[in-house]
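In what follows, a structure is listed as structure tokens, so that the remarks can point back to it.
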Amino acid sequence: MVAPRNQPPLLALVEELLAEQGRLQTPVARASVAHDQYTSGTPRSALSAQLIPLTAPGPGEQYAFEVDLDSCTGCKACVTACHSLNGLDETEAWRDVGLISGGSRAAPYQQTITTACHHCADPGCLNGCPVLAYEKDPVTGIVRHLDDQCIGCQYCILKCPYDVPKYNDRLGIVRKCDMCHQRLAEGEAPACVQACPTHAIKITKVPVSPDPRSQTPNPSFLSVAPDPSYTLPTTRYVSKRALPAGVQASDAAVLRPQPPHLPLVALLTLMPMAVGCWMAEVAHDFSSPAVAIVGWMAGALGLALAGLHLGQPLRAWRIFLGLKKSWFSREAVLFGAWFPLATAALAGRLGWLPLPPSGQAALTGGTAALGVIALFCSVMIYVDTHRVFWRLANTGPRFFGTAAILGLAVALTSPEAPATIGFALLAATLLKLGFEARSLVPLQEEDDGLHSPSRQTARLLTGPLQPANALRLTLALFGGILLPLAIALKAAPPAAAWLALALCLAGELAERYLFFRAVDAPKMPGQPDPTKGSHP
């Protein structure tokens with residue numbers, strides 16, 4: 001189009017742009033044409049049928065995202081539309097676009113990947129939530145988060161291997177993609193589906209088993225994503241091209257220290273300490289109640305600090321609702337029952353509760369036993385996330401090792417403590433440090449994957465987290481090895497036991513800090529941050 005000579009240049013440019021826009025077949029324009037055809041008597045548009053199913057899922061079916069990798073350009077229109085339509089906060093995003101690459105020098109390969117919630121057949125977020133703040137729609141299969149039920153514990157973030165739930169600091173709760181279920185109910189496509197200019201995203205129906213345990217993993221899931229056998233994601237990634245060998249996420253080498261969760265660091269150090277003290281009470285007949293007092297105080301402080309981790313602590317009373325399936329609920333309920341029992345046992349030790357010796361022994365033993373069971377639930381909270389660093393063989397020795405070390409360190413402060421307690425503390429510290437040292441082994445193993453979770457943890461411990469790791473080892477060396485040895489050999493005054501206790505406590509706090517920060521969190525492929533080094 002050529003503007004007349006007597007027309008101002010700016011106006012001519014505007015008219016040319018408007019004319020060009022009228023010729024562009026954008027998704028909005030195609031939807032408008034389809035609507036006109038439908039209202040004039042033409043059958044329902046083929047465009048709508050392309051984007052969403054025209055009928056609800058039947059028995060044995062559910063809705064799922066389908067992503068055409070050949071059509072995805074990485075424009076992030078889906079991200080923008082999701083953000084705008086759902087009214088998300090400035091830094092909040094429920095859909096992301098990542099990148100995978102690989103191939104060979106002769107045939108390089110690169111592909112953008114758009115991801116959101118996979119609305120899994122067996123969702124980890126739903127199974128782990130202690131307050132039942134997730135539900136899976138029995139008809140559509142959409143996994144929805146119930147914002148008004150959430151306590152902000154963030155356990156679902158740990159349970160999801162795809163980094164889908166996002167914590168909102170302003171609201172103190174987690175939120176996630178719900179497939180725009182209100183729009184689907186009215187026959188409209190979700191925001192991301194409708195906004196994609198190349199129709200790379202659509203909603204489809206996929207078969208699901210009534211019993212998730214009998215369902216086979218999705219064969220159309222992305223091979224470079226976390227293992228689909230854990231939660232059975234339903235998203236289908238389709239392409240006419242097979243992924244070449246050696247393809248990996250472009251951010252696979254990036255080191256990502258995880259949040260420290262400081263209230264949990266305190267809780268998961270003080271509660272094992274409390275359990276260890278009561279185990280020491282059972283193992284040795286102390287005439288003084290000092291060990292029991294310290295154990296009770298550690299438990300009281302740990303439980304008091306636990307609420308600081310919650311975004312909505314006033315809703316924490318609901319935490320028992322997930323007792324049947326959530327280790328988080330089981331831990332909370334058992335430690336909630338443990339504290340009154342420990343209080344009664346301490347009252348008996350102080351003579352405030354008159355009990356015969358057999359009754360006091362039973363109460364003390366019951367307190368120790370219930371504490372051990374509750375501590376096992378603490379271990380399983382993290383084992384159940386399926387993160388490699390938090391596997392049972394690693395988490396169990398760490399948590400129960402803390403109980404043994406701090407329980408023995410408290411017992412060592414007693415004037416009547418025999419030399420064997422000092423030697424036992426030394427042995428427990430050496431044994432625990434040996435378990436911790438195994439986390440560095442993958443750096444020396446050639447058969448371990450270049451960017452496997454174990455190797456990433458080892459790189460974190462020797463890279464960004466090396467100062468904290470060195471501090472932990474130093475504290476353990478002096479507090480758990482040298483001082484107990486000197487005290488046991490009568491080469492240091494008994495008062496040095498209090499210094500040993502302080503150093504051991506600080507060392508275990510540092511170890512628990514590393515426990516949270518050094519874990520490699522699985523996620524969908526992302527894009528590397530050019531402002532941060534990857535420490536290859």
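Even glycines carry a Cβ here, placed using N, Cα and C.
For the domain '4Fe-4S ferredoxin-type' (63-93), residue counts in helix, strand and coil come to 9 helix, 6 strand, 16 coil, using DSSP. The domain '4Fe-4S ferredoxin-type' annotation in TrEMBL covers 63-93 (among others).
Same-chain residues lying 6 or more positions outside the domain '4Fe-4S ferredoxin-type' (141-170) and placing a CB less than 8 Å from one of its CB atoms are 57, 61-64, 89, 92-94, 115-121, 123-135, 176-179, 181, 184, 208, 225-227, 230-231, 233-234, 309-313, 315-316, 318-319, 326, 328, 381-382, 384-387, 521-524. Marked as domain '4Fe-4S ferredoxin-type' by TrEMBL: 141-170 (among others).
The annotation transmembrane segment is assigned in TrEMBL to 290-311 (among others).
Feature annotation from TrEMBL assigns transmembrane segment to 332-355 (among others).
The transmembrane segment annotation in TrEMBL covers 361-383 (among others). Tertiary proximity for the transmembrane segment (361-383) is limited to same-chain residues at least six positions away from its ends with a CB under 8 Å from its CB atoms, namely 155, 158, 268, 271-272, 274-275, 278-279, 281-282, 292, 327-328, 330-331, 334-335, 337-338, 341-342, 344-345, 348-349, 355, 390-392, 395-396, 399-400, 403.
If you look up TrEMBL, you'll see 469-489 (among others) marked as transmembrane segment.
TrEMBL lists 495-515 (among others) with the feature transmembrane segment.
Outside the transmembrane segment (332-355) by six or more residues, the chain places 130, 271, 274, 278, 281, 289, 292-293, 295-296, 299-300, 303, 319-320, 323, 363-364, 366-367, 370-371, 373-374, 377 with a CB less than 8 A from a CB of the stretch. Secondary structure of the domain '4Fe-4S ferredoxin-type' (141-170) per DSSP, as helix, strand and coil residue counts: 8 helix, 6 strand, 16 coil. Long-range contacts of the transmembrane segment (469-489) within the same chain: residues 405, 409, 412, 419-423, 425-426, 428-430, 432-433, 461-462, 496-497, 499-507, 510-511, 514, each at least 6 residues beyond the stretch ends and with a Cβ under 8 Å from a Cβ of the stretch.
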